[in-house]
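Inspection log for the structure reproduced underneath, given as structure tokens.
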């Protein structure tokens, strides 16, 4: 006779214990995932990522630094006007630095067009500019007479060569991998938010969880005793 109330109490207690777990499951929401998605979309609306912007700034620095060194070289040789006329109008491959300046302009235009305006996510543009720069500088150092013209015969070709390869390293090991990682994180977060929205369409309120009224433990026994006492 005592098994039925005991079983009822055990079932009731287990149902009460299960209610918090259900509440915890339904209280999970994709708020933090949506915040991450919104932050990524906000960066996309800006235009380019921070690491790509840094790369574009370094490409601009490359052009300005080579231009500065070339202007210094023009002043050292006896004035900007006379030396500029000699190196530009009477260009000589073996003794002029004007082609190194044009090489920096070439790298700037190609890289800014590819990675800032077109937002290219491939390494072929930087590979092309670095290959052209390396081949041209090696040929100029071997064929020309730059080393006999003082310190600038060493400085301009070496710095131009180093800057070109630093740009290649920065794009290949920093820009492209970081952007790919951010895109993968965005896709994972978006997929997780969609799954969370399907599994947990809404947070259940506390009013939806209720327990049935508890029955008196001895009610069944009292009713049976009354029935027995009423019998003749």
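Cβ atoms are placed via backbone N, Cα and C, with glycine included.
Taken from TrEMBL, the feature region 'Disordered' covers 1-23 (among others).
Look at TrEMBL and you will find 48-219 tagged as domain 'MENTAL'.
Sequence annotations record features per position, and here TrEMBL assigns transmembrane segment to 55-76 (among others). Beyond the transmembrane segment (55-76), the same-chain residues lying 6 or more positions past its ends with a Cβ under 8 Å from any Cβ of the stretch are 48, 83-84, 87, 97-98, 100-101, 103-105, 107-108, 111-112, 115-116, 150, 152, 155-156, 159-160, 163-164, 166-167, 170-171, 174-175.
For 96-116 (among others), the entry in TrEMBL reads transmembrane segment.
Per TrEMBL, transmembrane segment is recorded for 123-145 (among others). Note on the transmembrane segment (123-145): residues 93-95, 99-100, 103, 106-107, 110-111, 114-115, 153, 157, 160-161, 164-165, 167-168, 171-172, 176 of its chain, located 6 or more positions outside it, place their CB under 8 angstroms from a CB of the stretch.
The feature transmembrane segment is assigned by TrEMBL to 151-171 (among others).
Marked as region 'Disordered' by TrEMBL: 204-232 (among others).
Below 8 angstroms of C-beta separation, residues 48, 52, 55-56, 59-60, 62-63, 66-67, 70, 73, 86-88, 125-126, 128-129, 132-133, 136-137, 140, 146, 152, 156-157, 160, 164, 167, 171, 175 of the same chain, each at least six residues beyond the ends of the transmembrane segment (96-116), sit close to that stretch.
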